[in-house]
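A.B. asks: Okay, here's the structure, questions in a sec.
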Amino acid sequence: MGNEASYPLEMCSHFDADEIKRLGKRFKKLDLDNSGSLSVEEFMSLPELQQNPLVQRVIDIFDTDGNGEVDFKEFIEGVSQFSVKGDKEQKLRFAFRIYDMDKDGYISNGELFQVLKMMVGNNLKDTQLQQIVDKTIINADKDGDGRISFEEFCAVVGGLDIHKKMVVDV
């Protein structure tokens, strides 16, 4: 990882060269088979993600080329969204993408149900969960199209300061 490798990463992230070096060491420790990319199992060895019911969604978002693994560039770009230097909109967009499973720019009733189901497991009956989903869509959907746009999502969660909790220490 010479200067030529880290320079572009500085351009596409909120990290400086030293932070990228530290993240490179962390990435290499996680990359148990030295393949140059992280599998789901390797990613799961991060203590911060082991108890997270949405870990698969996080991996799906980090994995921008869709090959099922996270390479170093995807890792840097993904973690950068959680940098203290990351802006509110970027963090909210990441949170939105957790729910927007089909990447169409909207959160549908079905997508909201699936993600909430990942979070609550069997603690709620599906009918109870569906009622919560329906009510959430009704409250958030200002244009009446039956789904939640990024703007509608921000109107609901933007004032909750969730972006301040979406930070990792590098």
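If you go along the chain as it appears here, the first residue is 1 and each next one adds 1.
Just so you know, glycine gets a Cβ as well, placed from its N, Cα and C.
Values in this document were obtained by computation on a predicted structure and should not be read as measured data.
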A.B. asks: For the annotation region 'Calcineurin A binding' in Swiss-Prot, which listed range does it cover: 23-28, 35-40, 77-82, 131-136?
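C.D. replies: The range carrying the region 'Calcineurin A binding' annotation in Swiss-Prot is 131-136.
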A.B. asks: Taking every protein chain in this structure into account, which of the binding-site residues Asp63, Asp143 has the most other Cβ atoms within 10 Å of its Cβ?
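C.D. replies: The residue with the most neighbouring Cβ atoms within 10 Å is Asp63.
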A.B. asks: Quick one: which residues besides Asp100, Asp102, Asp104, Tyr106, Glu111 have a Cβ within 8 Å of the Ca(2+) 3 site's Cβ centroid, in sequence order?
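C.D. replies: Apart from the listed residues, the neighbours are Tyr99, Met101, Lys103, Gly105, Ile107, Ser108, Arg147.
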A.B. asks: Given the binding-site residues Ser37, Asp141, Glu152, state which is nearest to Asn67 (Ca(2+) 2 binding site) when distance is taken between Cα atoms.
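C.D. replies: That would be Ser37, nearest by Cα distance.
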